[in-house]
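Q: Take a look at the following structure, please.
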Amino acid sequence: MNGGAMFYGAAIALIIGGIMIAATKRNLIKIIIGLNIMETGVNLLLITTGYISGGTAPIMNKTWTKVVDPIPQALVLTAIVIGVAVTAMALSIVVRIYEKNNSLDIRKIKEMRW
Amino acid sequence: MIKKVLIILLFVLLGLSLYSVVKYNTFGEDKTVVARHYIDYGMKETGSQNIVTAVVVLYRGFDTLGEVTVLFLAATALGALLHGLRFKSKEKEPSSLIVSTAARYIFPLIILFGTYVFVHGHLTPGGGFPGGVIIASAFLLLFLAYTQKEVSEKTLSLTEGTAGILYVITGLLGLVMLNSFLANFLPKGIPGKLLSAGIIPLIYILIGFKVGAEMTGVLRNLKEEEK
Amino acid sequence: MVNPILIIAISLFGAFFIALISPFVKRTGKIIAFLTIGFDLYIGASLALKSLRTPVIAYTAGFKPPFSINLVVEPFSAVFLLIVLTIGFLISLYYLAHPGEEPEDKFFTLLILNLMGASGIIMTGDLFNLFVFFEITAISSYALVSIRKQKASLEGGIKYLIISSIGSSLFLVAIALLYGQTGTLNIADIAAKLPFINKSVALVAFLLILVAFFVESEIFPFNGWAPDAYQGAGEGISALLAGVISKAGLYALIRLTFTLLDLPLRSKLLIVFGIMTFLIAELSALKQKRVKRMLAYSSIGQMGLVVAIFGIGTIPALKAAIFQGVNHAVSKVALFLLVGMVIKNLGIYKLDDYKGLGRKNPLLGLLFSLAILNLLGFPLFAGFWSKLSILLSTGKQGLYLLLSLILTGAIVEVYYYVRFMKILYERNEEASHLEIHLLEAMPIIAMAAFIIIIGVNPGLITPLFEKASEAIFMKFSYINLVIGG
């Protein structure tokens, strides 16, 4: 056990919760929300990995003493942008599905079995 | 059935990873060689006061090029998928006087702020991506306040395409001059000054324009289909 | 001077250029895509040739790894790069005479970026950069699959998106675990530090990576999306899925599990999941009434077989797996493109509608039979040599159970493909005549030529596979190459 348990736990809980939502919900919009929650969890996990106790943002002006790891921050920036792109992509497919089926329920969409 | 088993297995796997991180990862300790290098020498090597920016634009600049591509891809795909889509038109109510008057005054301020954020990416938190998104939000305000307002597709794709091509050319110039793609071929200057850090501000300005144009394009496409 | 970066830079240039001019000059995407991908192939081929003598490494941003991202082309990645770019080039050649999906300019932008992503996956030496390219490939694939906007394509697209997003998130979790332990993201650097990190973290990361890339390389039980995506996509895109996207996923799976996480468990897991996929998919293919879905299941089955053979892990087995992968890519791409031509002309999807088509259109029938016989491993075709080496390498390791399962699956495969050929050549007066555009048939004829030439003289290409399998087998040479150099 260490001080990070809470952060790691929250991150994994968000990932599991997100997958849960994506797997059990029938509404496509809710599934996409689940995927977004999962991505948030992954981002939290990455940031937590780079945390250094007492560190501040890695901007090098005169007053800093200790800074956190800059790499996970850069990775999360990329991961967030990718998450946005995937969400936009998913929503545009969903708009089209709604147009064709007049429903967002995956049970009502023919052939859509898992 | 298969799905249920799979999900349970997945949760076991994630649970295991939680256990192993909590048990074996040291939390809050300084531990990595690469990060140490960036923090100790980053400012000297790149001239950027903001180390995250130095990592994003130079050390891992190739990722950022990919990231810009992903956004471009999403905008293109959105345009392709929503192409020719027409829902039944609903009567749109014009927005209230307060919103439309306020939008007129706030719009230039938001644009100014967005520009400030992406120009100062190497000095303060922020950079091309947040700056571009702030600019797109100004356009969102415009779309909400004036329902008839249009941004021409030509302007957007010109901005987007030119910024993208200039980004690639900047990278190739590094390849030609210093034998390494996206290398910093401009003088580093004095860290902390606006004109420092070589190609970092240049790239962030390009990214700012590109992201702004792409996100505005996404909003425009989503607005279009409401017709 | 050839630099791997050029493939990425030129593709991006082409894609942005289409975006720049498409509002002003319509319908240029097709030609720009053809030229861009052709140029990529030229660079890729010269890189591959060069890498057989000395591996090529390129740094970005002027810093050495592990401080910056590097691209590596050594024989194993060179083979995959060649497969991906050649298939991509042939598909873009096919689209010169075949109508692309609407809106055309955007469609070809997506196609270029998809190939760029796949070549990026293959060349990159950095774990997170691999994730970025993986997402570029994945996002463009979702769009390419659903761009036809029919019910089936949208369904295939959204399923693919949901499953693949979960997979890529798991990959990110694995990256976080490995970064937390080793403090670096360079693949070779992680591999070098692996013996010193905690075993259980490494095991969990290994399993997460396995799941993430099983999704992309269509391995059971993570392949629920694949049949729908294949069926719903345009035929050129189904070919792209079979020849490019799944191959890039396969490369990442093999590279990461062999270099990064060399655990004893690896071989068992790959063999078990691979052979399971092979059998289940072949049995499902047997029941299909639609040609595209049948081909889709057969494609999944072949990926399973290749993964299982990779799992054996000896040099002859690796060689056989690479050879089979190449054969599968060539045959399946040819088949999908042929089906695309039939659908464009006649608009038929069902197996029974193909009755007598081969008899009426001799060229079509010939090309169909060549591709199928190659896939089945008929003697004197390229497929024969790869199937033979699979059986030999499996037998040599004494894996007789695996051998018999492979034979069982292969018999099922022979059954439904021969049934398909019988339908093609059945006597039917009402069979329609097909207009075959020569330019459209060109890529398929090229592949048929490849099948026959290699079939007669496999020695032309096997030395390449030999070098590739040595390169992946000896992980320390890869580590030395990147870190030591």
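Note that Cβ sites are derived from N, Cα and C of the backbone, with glycine treated the same way.
TrEMBL: automatically predicted annotations, no manual curation.
Pulled these from TrEMBL:
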DOMAIN    B:22-86  domain 'MrpA C-terminal/MbhE'
DOMAIN    B:98-216  domain 'Na+/H+ antiporter MnhB subunit-related protein'
TRANSMEM  B:68-85  transmembrane segment
TRANSMEM  B:97-119  transmembrane segment
TRANSMEM  B:125-146  transmembrane segment
TRANSMEM  B:158-182  transmembrane segment
TRANSMEM  B:194-213  transmembrane segment
Q: Need one number: mean pLDDT over the domain 'Na+/H+ antiporter MnhB subunit-related protein' (B:98-216).
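A: Mean pLDDT for the domain 'Na+/H+ antiporter MnhB subunit-related protein' (B:98-216): 86.
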Q: Please indicate, using numbers and ranges, the residues of the same chain that are 6 or more beyond the transmembrane segment (B:125-146) and have a C-beta under 8 Å from a C-beta there.
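A: Same-chain contacts beyond the ends: 50, 52-53, 56-57, 67, 95, 99-100, 102-104, 106-107, 110-111, 113-119, 203-216, 218-220, 223.
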Q: Any residues 6+ beyond the ends of the transmembrane segment (B:97-119) with a Cβ under 8 Å from its own?
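A: Apart from its flanks, the transmembrane segment (B:97-119) reaches 126-128, 130-135, 137-138, 141-142, 144-146, 194, 201, 204-205, 207-208, 212.
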Q: State the non-local partners of the transmembrane segment (B:194-213) in its own chain: residues 6+ outside its ends, Cβ under 8 Å from one of its Cβ atoms.
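A: For the transmembrane segment (B:194-213), the sequence-distant neighbours (Cβ-Cβ under 8 Å, at least 6 residues beyond its ends) are 46-49, 53-54, 57-58, 61, 64, 68, 71-72, 114-115, 117-123, 127-129, 131-133, 135-136, 156-157, 159-160, 163-164, 166-167, 170, 174, 182, 184-188.
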Q: Please list, for the domain 'MrpA C-terminal/MbhE' (B:22-86), how many residues fall into helix, strand and coil according to DSSP.
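A: Per DSSP, the residues of the domain 'MrpA C-terminal/MbhE' (B:22-86) fall into 47 helix, 2 strand, 16 coil.
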Q: Do you know the DSSP helix, strand and coil residue counts for the domain 'Na+/H+ antiporter MnhB subunit-related protein' (B:98-216)?
A: 84 helix, 1 strand, 34 coil
